[in-house]
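Asks: Input: one structure, supplied below.
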Amino acid sequence: MKQRMKKPSLGTFILILILIGILAYVLWQFLSPKLGYKSLSDLEQRIITNAKSATDDNFFWAFGFDISDFRIKVVEQVGNRIESYQVVADPTIIRLYQAGTGGVISENILSQLGSSAPKVNSWREIIQLATKASLTSEIIENAINQKINNALSLVGAGQSVSKNTIVNANLPVIFNFDRPRGNFLSSFIVPYIPFLLISLFGFWLFFRLSQNSQAGGGLFNPGKNQAIRIKSNKKFTDVAGNAEVKEEIAEFVDYLKNPKKYAAAGAKIPKGILLGGPPGTGKTLLAKATAGEANVPFFFISASNFVELYVGVGAKRVRELFKEARAESPAIIFIDELDAIGRSRGSGIGGGHDEREQTLNQLLVEMDGMVENSGILLIGATNRTDVLDPALLRPGRFDRSIIVGLPDIKEREEILKLHAKGKRISQNITLANIAKRTPGFSGAQLENVINEATLLSVREKTQVITGKQIDEAIDRVISGPAKKNRVITEDERTMVAYHEAGHAVVGIKLRSGVKVQKITIVPRGNTGGYNLMLPEHEKYNSTKSELLASIAAFMGGRAAEEIIYGKNEISTGAANDIEKATKIARRMVTEFGMSNLGPIQYEQDNSSPFLGRDYFKNASFSSQVGHEIDIEIREIISSSYKLAIATIQEHRLLLELIKDTLLEKETIVFEEIQQLEQTLKPLPKSTEIEEKQKVNTKDILEELMGSDFANNQEKSYENEDQNQNSLEAINYNIDDQDDDKNDSESKIDSSKEQ
């Protein structure tokens, strides 16, 4: 719908007029004619030229003195044009030009006037010759006498003033024009125009800021409500997975739409929902869907918007937010990244009473204080529920705390299906397989996988998104883009291949509940290669044997290097593997109770969110117990490392096969790994199968024409495929018969030769 243009306000018109006035004044000052300057020698030459001129083409219209500014101002006729200029001269020169008699005129000047010129005794007479003929000496004398009379009236009675006294007193003496005097406009109004315009502009600016202040914002009221009222087009159908979370929030939305239904049953709806969980799981998306479903005023604000420069701003913004929400009740308030103001009180820089705590205290009062908040639903979202203040989490404020966790395999498939809409994906790809290969991925990461695969399809100019592009997209999300141009020596490349093959052999043979899905020696990020090991089934608990097998798999790379190159030639490539193995071993001893020390938790999470997570970790046990913990961790790592060495030595042939295949292909996948394990032979050249560049037409037709039409069309495609397969079988049989015939003929020929 076309929006109506907003009518300009009176203040806008005033601002435009002020700006036009300033611009006009600047242009007037810039374009107004100004007197130029000439030197005294040039002026003397012009005086002589005009004095000896026999025509009226060169003469002075005006020749005036301004002793107070030491200026001689001239208006001169030069041919067909009139020039105006001024000359800077000291009082001595000016008095010389003014004097009627006296003064020395050089012979050079007199010779330049010519013999036909009248005899002159002063510069004043020469200037008279150079002026217009009608300006006689009598007119000039009367002008001087008038100046004298004006001076006498100023001095007072009983005083005598002579002509020479007036000249020496630096009073202006004008030959044929008076010194110009400005009128009232130019003398009193024009000089003050810039000041008036700037004053008007300042008044207008102050007026506008005051208006903003009255409206609740601007410079004079920084405590304005920063919340944004949004209208979202998202629905719960746009949120894949998180069925339980959507069910909980849908109950709140239904209450806002039908409060009487719950009031009749005597039910009190919870006042707030806290959405927690890892990043990228859809907390903000759920809030957008809630805004789209509720059809009530929805106020969105980030918690960081409350606390800014001025003291007390945060508390005031909280009051303004709830005041506006109460005025439009029923309403929803969504505060994103709540931990920015909701952290536990009593800690932090500035002691226990800083600006953030004032804001939190005001939020606690507004959520459940003396003023009733009936009809207001508060939704908070954060990734750090562990650092929130306990008073914020109690019933009556956030009654329900919902963890939006990482999606399971079924939810991942739903999320992939949602993001795959409108994308041309190869028919050979199933979203279920992608979901299996992406355990631990959040919804944001799954969306990124589909988007990266689409970008790769556009880059490579393929008709559909292929399985290879999906693989590359998953790798990009996990480790970043491949560094194909990295220069690496053949020896180092071989060592990396042995390292990754060692991981794979241990992971395959120990049966730790994971499958080696992919091995690559293509460098990505800070790694020279990696193994993608995924669990066979979705599990939320791990056994001791599985953890030990995982540690052994991590140590497999270092074990392979030691077996092939010796202890003195092992590389730094196992640094990250050792770090991960050590973390698992430490947790087995200190948290899981899987050691000889018994089922005791030695490391409690007493860490401070302000001083660092590991600051107080080792404060709950003695140094002797710490030494015993280190011994147990060392024992777990050492035994797992020995197990990895024994496994690789037992299956040395598989290690060499995987290494050779990696050097040849750089990347091998699960099916190829399985074939190497089962046959213990190199892969045949024909295992590289090109994927069909075929669009999954059924999904597209189902979206456009309906499921019945899509099913019928698919059946027709299947019949065509069966007919094509029959033709191929007939051709194959004919080819076989031809081959048999050729074989028999060759046998006959060979027998003949014998």
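Placement of Cβ uses the backbone N, Cα and C atoms for every residue, glycine included.
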Asks: Suppose a student reads Swiss-Prot and sees His499, His503 listed for Zn(2+). Which of Asp399, Asp408, Asp577 should they find annotated at that same site?
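Replies: That Zn(2+) site, as Swiss-Prot gives it, pairs His499, His503 with Asp577.
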Asks: So, three-state DSSP: helix, strand or coil for Gly282 (ATP binding site)?
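Replies: Its secondary structure by DSSP: coil.
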Asks: My understanding is the cutoff is Cβ-Cβ under 8 Å with a sequence separation of 6 or more in the same chain; which residues meet that for Thr284 (ATP binding site)?
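Replies: Listed in sequence order, they are Asp336, Ala381.
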Asks: Give the number of CB atoms, excluding that of Glu500 (active site) itself, located within 10 Å of its CB.
Replies: 27
Asks: Using a Cβ-Cβ cut-off under 8 angstroms and a sequence gap of six or more, which residues of the chain neighbour Gly277 (ATP binding site)?
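Replies: Sequence-distant Cβ neighbours: Lys283, Asn383, Ile403, Val404, Gly405, Leu406.
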Asks: Which whole number is the mean pLDDT over the topological domain 'Extracellular' (31-186)?
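Replies: A mean pLDDT of 64 is what the predicted model shows over the topological domain 'Extracellular' (31-186).
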Asks: What whole-number Å value do you get for the CA-CA distance of His503 (Zn(2+) binding site) and Gly282 (ATP binding site)?
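Replies: On Cα coordinates alone, these residues lie 35 Å apart.
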Asks: Within its own chain, what residues at least 6 apart in sequence put their Cβ under 8 Å from the Cβ of Asp577 (Zn(2+) binding site), listed in sequence order?
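Replies: Non-local contacts for Asp577 (Zn(2+) binding site): His503, Phe554, Met555, Gly557, Arg558.
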Asks: Using a 10 Å cut-off on CB atoms, tell me which of the binding-site residues Lys283, His499, His503 is the least crowded.
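Replies: Checked Lys283, His499, His503; of these binding-site residues, fewest Cβ neighbours within 10 Å: Lys283.
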Asks: Within the same chain, and leaving aside His499, His503, Asp577, name every residue whose CB is within 8 angstroms of the centroid of the CB atoms belonging to the recorded Zn(2+) site, in sequence order.
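Replies: Once His499, His503, Asp577 are set aside, the remaining close residues are Glu500, Gly502, Asn531, Phe554, Met555, Gly556, Gly557, Arg558, Ala560, Gly573, Ala574.
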